[in-house]
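Here the structure comes first, spelled out in structure tokens, and everything after it is commentary.
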2 protein chains.
Amino acid sequence: MDDREIVKRISEIIGSDKTADDCAKIIVGDKILAVSTDMLHEKTDFPKGITDWQIGWMSAAVTISDIASTGAKPVSLLLAAGLDNPDRIEDIIRGADSACRKYGAEFSGGDVDSHSELTIVTTGIGITDSEHYVSRTGAKPGEIVCVCGNLGHAQAGLLGDMRYFKDLCEPQPKVFEGMRLSECKVSCMMDISDGLAISLFDLSDANNCGFEIDKNLVSLSDGIDFETAFYGGGDFGLLYTCQKSLFEENNLPGLKLGVVTEKKGVRISGKNAEKRGYSHTWN
Amino acid sequence: MDDREIVKRISEIIGSDKTADDCAKIIVGDKILAVSTDMLHEKTDFPKGITDWQIGWMSAAVTISDIASTGAKPVSLLLAAGLDNPDRIEDIIRGADSACRKYGAEFSGGDVDSHSELTIVTTGIGITDSEHYVSRTGAKPGEIVCVCGNLGHAQAGLLGDMRYFKDLCEPQPKVFEGMRLSECKVSCMMDISDGLAISLFDLSDANNCGFEIDKNLVSLSDGIDFETAFYGGGDFGLLYTCQKSLFEENNLPGLKLGVVTEKKGVRISGKNAEKRGYSHTWN
């Protein structure tokens, strides 16, 4: 079983509207709160060689990235830490607080207790207004699909390319880009933290549409191959769809990858893509 | 080192205003959000014999109780679960969802992954307006101190009195009582989940005041002694201070325990109380 199957089971209890997006959407007066929570563990989520400051940064960044994908402005972050060693907390807090400051959020406190394996859960709250909230649904055939952010950097860092190790440990959520994209009313958006390929499949499922990706449009950084860029996880870019004219007239951040199609699934220059990426599994 | 010392270290990084209360206070337009996050682990937080449904209920209830202590109305709850066995998630979600429904909140989703020891983090959001938000500070000498809710039930259940085992596993946050107390503008409030005694010491520290408790006013349920009622943790009552006239004229929920004094510390019928209760420790 993997986490996508678990989410399916949960959606049968609480409703699929509650599990479809990375953020919960909560209405407060004329504002919308985008709220997201993420759990990370030392062994499964933090790469070897990462510092405690970077663990704090990364923990904040994963949640801030979920908020960015709705176009909301991050305002507050809470952090719960299960600590194997209490001396680690100060650097973790400093790292999380730095990420909050960079993206305009307040580090608002949290909870600590002792635990055998370092475990961190961050919960972030973003604010936007109802006309600018962007969800995973809204893609329409004929639109273009675009990505904003580097591809494969984190995966390359994980595979040992030290030029990209900092990209792996200090991911940079696309908060300001997300706010710009929501102002311009892109059709749908999500972050690509589990990998570009699996995120395209997620959007395909959410929108009952497909994607035809032009392999030549997938931008490759120095030393990074297509496999790493397309299937690797840990980069915090934003994947979105919109009308081609909207993209061009507003000079939207990011690059075009291909087009939205009626037929479900993901194709790369005509061939079916593999549905794989980052996923938690239970054996 | 215990968790109160850790919180002190964190407050030196992010400011003591962020760590003083169980909830973060976030301003959204003319509303105040009360946000709280709590981490629970199978071995240290869930009693033997508890069901997965009750684990879900308890996880939601601890956070809902933090919100209740501000007088806010709970509106949304997120749950992150690190699962040793994916089959446990459905009952956990059902229990958490039931607690949310009882107290008027929406179960809004969360995060799941695999973990060696079951670990659950709930984050709750409550809403109130700025004139009704109640914090831990505001107690004034001459006021009375009161508690709303049962004392020692959870501790008795933990110690093997099966009459109280359900009180231990299905704590009942005082949400509606908290909203009533905030409407009537009590001076300060907190929940007593770590125990009545340690909560009085926490209020003493936060308000630079003390408490003179009348031992005869500590209400004892059947089979529960003073020690268990005063020092035991796990009950989700509300501890608050207010003017005696406010208490009497409004028929406020709860019972008077004693008075607020100038001198710091906690005294029970003239003797110093011990500063102990539930606390996480690291060795």
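Note that Cβ sites are derived from N, Cα and C of the backbone, with glycine treated the same way.
Any TrEMBL annotation is an automated prediction that lacks curation.
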> Among A:Asp191, A:Asp194, A:Asp202, A:Asp205, which residue does TrEMBL name as a further Mg(2+) 3 binder in the site formed by A:Asp22, A:Asp66?
Replying inline: A:Asp191
> So which binding-site residues out of A:Asp22, A:Ser36, A:Thr37, A:Asp66, A:Asp194, A:Tyr278 end up within 10 angstroms of A:Arg136 (ATP binding site), measuring C-alpha to C-alpha?
Replying inline: A:Asp22
> Quick one: Cα separation, A:Ser36 (Mg(2+) 4 binding site) versus A:Ser193 (ATP binding site), in Å?
Replying inline: 14
> Reported in the order helix, strand, coil, what are the DSSP residue counts of the domain 'PurM-like N-terminal' (A:21-127)?
Replying inline: 38 helix, 45 strand, 24 coil
> Taking the Cβ of A:Asp66 (Mg(2+) 3 binding site) as reference, which residues of that chain separated by at least 6 in sequence fall under 8 Å from it?
Replying inline: A:Asp22, A:Cys23, A:Ala34, A:Ser36, A:Asp38, A:Gly124, A:Asp191
> Ranked by the number of other Cβ atoms within 10 Å of their own Cβ, which of the binding-site residues A:Asp38, A:Asp194 ranks first?
Replying inline: A:Asp38
